[in-house]
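Heads up, the thing below is written out as structure tokens.
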């Protein structure tokens, strides 16, 4: 694009939605540029005159150069203390650690406020405090936007975004797909899909991701975008709705100098479009410092400098430690702070000097004459400023340019719950389909397990031994279905952090996520269930025919569903892979012990009976037993077979016949070699299974999966607030 200023005209050549445009302070928003450029591409110059050359147009700057709506974020006297918990009973009393100590500052639209400091200085803590990620009551002080308190405000979540330090993205989605799904979540449903796509395309160019637009994000096992591109995608997700305030926790961490500079360049363009950008950064290069507008340097929670980078040399010169020429001013400042922290007096002298320096600066500002125009601009209320921003194209979630309603009616979420559920399910399925190794691994696991069982339990007969082997088969099959679901642990742990990032600022509802996650998991379990059932049912020789096979398939499917729900719930409560594995395996082991196989229900101590009835393995185990043995025509002990597995088992067949005749005379009941002495119903009674039908057990198994999904919802709702305490 060729830009040349002549009076108030700009010559634009080959304008397109994909053109990168670095806007000056006071420039139009990206949405406005798209609309204006689109009209010029159609040949309308803006004054009703059609141009003959579609590749060259004259744009009136007055139509584009809109004065930005002023926003000022003030934070005063922020104090944040945490109580150090005792690790052991014999340790000393609880102590208190101060993470933020009387920190104040200001951030304006069009500017980047960078928080600097060594590790542990309080950078991330300050960003979290300003973003409302500190639990209510833990933070003292005030945070206001245009004079109105926004700390712990619902409105702050709607108009702001928070970019975490870790780039947590779905690995098998492309850059464009990732941003498009973000637009579906954060932009109102009233906005057409074509408009959302325009926003995504323009954002791709703004982020410098055009060459990587169709490349998958990637992970350890899949080649994808570079680290710098990945970081820019993370930023793009959170600025898709054009937030008024953007918080970033060390966005340049882990990047080389070139990629770090490119990221801050992107942030500069975002700020110049009318947003407040506040970020923490560890040690910026000289090039990055030139892009920053304001600096706050922290030392152990205290502010040792607050001002523009240009005033930093004068500040330290007045302090008596002038910055040498050609020295990186930020590196010098941070090195000096570290030096003072290691001294006996610490940074107290620098903190006191900063307070006096700030007071002198405030006095100079107050004594300087200000125009009424500036005072009028800065006196806009927050609601007026937000409505004005929406009117001029700021894409605030829950609002639209055509209907900039008052902020009381702005929804916390951009879309209804049903739409969120559909988009979440669509995204999950697209990512899952592109990872066939996960599907293949589970199917391969159940195939190998099924084949192993088929060879070990091939064509069981109807003898006492066959009955016992059926019991051991089912005692192995049912818990195996649950243990196979443990492969969900690492997948969901990763998704959990994506969920936290996206719901921190109301991308979608927790209920929408849980419902979509549950619905998508159902078809994933179908193939493993059918494969395992088909292999084991016919080869082992289970009873029931086609009807029995269908029920067996449903039961295996229900067991997979229940096991998946249990593992998902535990993953939501225990966000650590190794601990989650340990808790899941231990819980399933307890359920197996008290399911009724190892210890008969009548033998379970009365104080553990309650666990027997809530064991998730009890009901599928009983269901499969009923499906196999609840047939009065099937006999498992006939005539002389009654002596098998006893001391008389070694007697000859003729001897057993004589013993049977003697027993028949004693009991005065005719017992022959073909007389059925134990049916399947007798085996069920021996196992203590007489209370429920097999269909009751099946529905209870399905219901247990639903119950754990509900628990999973509450675990995310109350246990994943992602706030400091």
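Note: Cβ is positioned from N, Cα and C throughout, glycine not excepted.
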- [ ] Write down the single range among 537-557, 642-662, 663-683 that appears in Swiss-Prot as transmembrane segment.
- [x] 537-557
TODO: Using the structure shown, find which entry in 118, 121 (the binding-site residues) has the sparsest Cβ neighbourhood within 10 Å.
DONE: 118
Task: the transmembrane segment (473-493) versus listed stretches 515-535, 537-557, 577-597, 698-718: most Cβ pairs under 8 Å - done: 577-597
Task: Least buried by Cβ count (within 10 Å) of the binding-site residues 117, 120, 122 - done: 120
- [ ] Enumerate the residues of the same chain, 117, 118, 119, 120, 121, 122, 123, 124 excluded, that satisfy the criterion Cβ within 8 A of the mean position of the Cβ atoms of the recorded ATP site; list them in sequence order.
- [x] 125, 280, 298
Task: Long-range Cβ environment of residue 124 (ATP binding site), under 8 Å and at least 6 residues apart - done: 165, 249, 250, 280
